[in-house]
Amino acid sequence: MPSKFSCRQLRETGQRFENFLVDRGQDRETDRERLRTIYNQDFKTSFGTPAPGFSSMLYGMKIANLAYVTKTRVRFFGLDRWADVWFPEKRRMKPGLEMSKHHRSLLATIFHDRAEYMHGKHGVNVEVQGPHEARDGQLLIRLDLNRKEVLTLRLRNGGTQPVTLTHLFPFCRTPQFSFCNGDRELPCLLGPGECYELHVHCKTSFVGYFPATVLWELLGPGEPGSEGAGTFYIARFLAAVAHSPLAAQLKPTTPFKRTQVSRNPVVTRRIEEGERPDRAKNYDLEFSLPLGTYYPPPRLRQLLPVLLRGTSIFTAPKEIAEIKAQLQTTLKWRNYEVKLRLLLHLEELQMEHDIRHYDLESVPMTWDPIDRNPRLLTLEVPGVAESRPSVLRGDHLFALLSSETHHEDPVTYKGFVHKVELDRVKLSFSTSLLSRFVDGLTFKVNFTFNRQPLRVQHRALELTGRWPLEPMLFPVASRGVPLLPSDVKLKLYDRSLESNPEQLQAMKHIVMGTTRPAPYIIFGPPGTGKTVTLVEAIKQVVKHLPKAHILACAPSNSGADLLCQRLRVHLPSSIYRLLAPSRDIHLVPEDIKPCCNWDAKKGDFVFPSKKKLQEYRVLITTLITASRLVSAQFPIDHFTHIFIDEAGHAMEPESLVAIAGLMEVKEADNPGGQLVLAGDPRQLGPVLRCPLTQKHGLGYSLLERLLTFNALYKKGPDGYNPQFITKLLRNYRSHPTILDVPNRLYYDGELQACADVVDRERFCRWEGLPRQDFPIIFHGVMGKDEREGNSPSFFNPEEAATVTSYLKQLLAPSSKKGKARLSPRSVGVISPYRKQVEKIRYCITKLDKQLRGLDDIKDLKVGSVEEFQGQERSVILISTVRSSQSFVQLDLDFNLGFLKNPKRFNVAVTRAKALLIVVGNPLLLGHDPDWKVFLEFCKENGGYTGCPFPAKLDLQQGQNLLQGLSKLSPSTSGLKSHDYLPQEREGEEGLSLQVEPEWRNEL
């Protein structure tokens, strides 16, 4: 029966009830049943007029975003102050030996408090005999290959009273160690001066780092219950190491020391600005729609540290509870703007924190040798060529003279970037600084990031409220209005699509336009030709719809350039590529320069008027540059079609930049424009830095949100509804073997291997394969992940050396001197950690004589998974890097962090066309379900080599281990337990710094 109360009345009643609770001092009550009792017995009797039922009132408060409601709890507050997001995905259960949280905590205690376990107690200590080095709390045994070393660990009672050795636990999962403790059975009594020997045998046929831990459990002196009696523990941490010569050269140069983020930015009360690059020149595109600043609320900045602590919604202070509730509420149209705005603010606050890690102390600047107006200073910025940090023309940074850092009121100099050359930036500063400048003057430098992408995303969210976009962003149906007759014949520009029914189907539905106002999605798994399909659809729209005007976008410049290159073949005079003025013209492909806004005669970018741009049938931009068309207020009905390639890479607000203000949904007989999204939700999404935005949904692209949560795009018993979505099935890139695992894991086994047979089988007979005709190698390496200097990023010397060895085999010169059998351009090396990327590059360009001597070795790309998305190579090598420093870390619920990501795994293994080589720690990777499937696939098909493949832990051995460790409780050991692993957390801020993703440089 419908409620007799309106939503407004329900909301007003709820607000009066909330005030009623405040007046009675009961506003902290969250139990739903107790609140029901208060409402029915106390509040309703004092209400004065008929009041709605308790559940109806809660419903009114919930839909008004004024309460967070579960089956048992209720919390009242104003959600619209901050905004809310959707529930995080359920975490995967981890495979392997089932250990309770208690047991994991006890094992973690061993490693985390290892200094405590290494101390002798009651006069009992461990003597070590045999070849070893004591380093960082470990006994390091250096091994030559296939030569045995024996270490004796002698537990000696040096006290005055007897003790009892009750248990001995050797923790090791690798065959490099074997333990022998003689014939003495446990428990055994050790009188004063007596000892118990454990012989540790070490031998390996493989290079690597092999950890083990030995734990002795003893019963202290004295009668049970007397002073001094009780269980105590002593441990020793071992590591057998066999290095290759190359790995020995890659050891840490300096000990790792965590960087302290500067709390004292250089911006002071007095700021003097340099001269900005002249961007108004050649600019005829009128800006008539203002762009706000959209800074994060100051109060949100203050609350962020508390927000990150993980307090419960029902016990947190009210402001914190409000935000937390919003971060756990489903995304709906009614909260769309405020929710996504909150997430953007949180991401920006994390960016502000992360950018401080690039600040420089006491760095010199020099005069730019080229005499120009204005005079520029040159600053060396390591990493800027790789956008770490991103510095573009027009950006700014702050500099403070090193000699004035302790002055009471120093001047901060704001320098504007005029030019970027590799790792050098050229800056304009105020004339007062230039008048006193001499070469070599040193500065403290603070970097900033370009807020333009954030600002235009905020404006796009604002514009969603001005234009009726709900039927497009939260579609429920198609209006079924076609743009062309159903019997129209389409003559294809690319005849290859005729033999691909999925590509043909997608293209026809897009041209017909019957999906409107809902977006059409091209779901394109790796190598299936989604961009080819999208480009053909654009060409057909131009051909068959004479009044159509198209905006074609991608998140990246490379993606937009590719669209331009492929469209230009048949539409040379109909397209125009609009580049941002910060783009380095040297990076723009030569073949698209004639149809972009670069004026070669002027040597500068030009921006034609709105009237001129409207004459082109197709405009091509990045998503962010599309904001210039919004600022120019193109007519809302000018663009009939908006195509977004790589749509899965973009945050939803970023996709909105090219939609809100440029397209609307109209009445039923004219559904308005057609939005087309092409991408793959199973591959990497947007790169985010903030743990809260990662957890609560900003990582969802518009494409992935629709595919995941909207019924129109769900897969049914007969597949997807072709009126709204087409999944491409024919892979034109990879050998079937390389495609096998990702196909089964992520694409329901539907992908068909259609790559050219000659190309894909190029390495099936390569002598380096463990098994012929199986072009995948998993090379097991038990390495050690290291860090050095102030970089939190990990590297693994042994893996880097192994990768280098494979590269030498692959690129070995043929009979022609200096000419490689395989071009370095055809090879890619992927590693998730920035420091490992640096080490591998160092190996191939500096350390290895054979590789560094190749003329084109610099064409061999080494980079992160993100840097390879959308790319392919004949050969891909992957170094996974992470390993372990102790058995405890290795065998527990190890935090794989950056590796434990199905999308990242999928992208990494699907870049290869003909040969895939993975170098990593099989024992560690086997804890992840996807890596485990891949490992077993390699093992079963003969593609595994390297260190022995780990056997499964015997179930009874595991039970005995747990039973013994159950005695390791804090109450008996006197040591505190830990609910976390000793491994440094890889969520929150730590992960983004270890991986060090590129900073955005696409405008």
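First residue shown is number 1, and so on along the chain.
The backbone N, Cα and C atoms fix where each Cβ goes, and this holds for glycine too.
Residues annotated as ATP binding site in Swiss-Prot, with similarity to another entry given as evidence: G524, P525, P526, G527, T528, G529, K530, T531. What Swiss-Prot records for 976-985 is compositional bias 'Basic and acidic residues'. The phosphothreonine annotation in Swiss-Prot covers T160, T254. For 968-1003, the entry in Swiss-Prot reads region 'Disordered'.
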Provide the three-state secondary structure of K530 (ATP binding site) computed with DSSP.
helix
Return only the integer: C-alpha distance in Å from G524 (ATP binding site) to T160 (phosphothreonine).
75
Cβ contacts of T254 (phosphothreonine) (under 8 Å, same chain, 6 or more positions away):
E788, G789
Run through the Cβ atoms and count how many others sit within 10 Å of the one on G529 (ATP binding site).
23
Say we define neighbours as other CB atoms within 10 Å of the CB. Which of the binding-site residues G524, P526, G527 has the fewest?
G527
State which of the following recorded positions has the fewest other Cβ atoms within 10 Å around its Cβ: T160, T528, T531.
T160
Run through the Cβ atoms and count how many others sit within 10 Å of the one on P525 (ATP binding site).
25
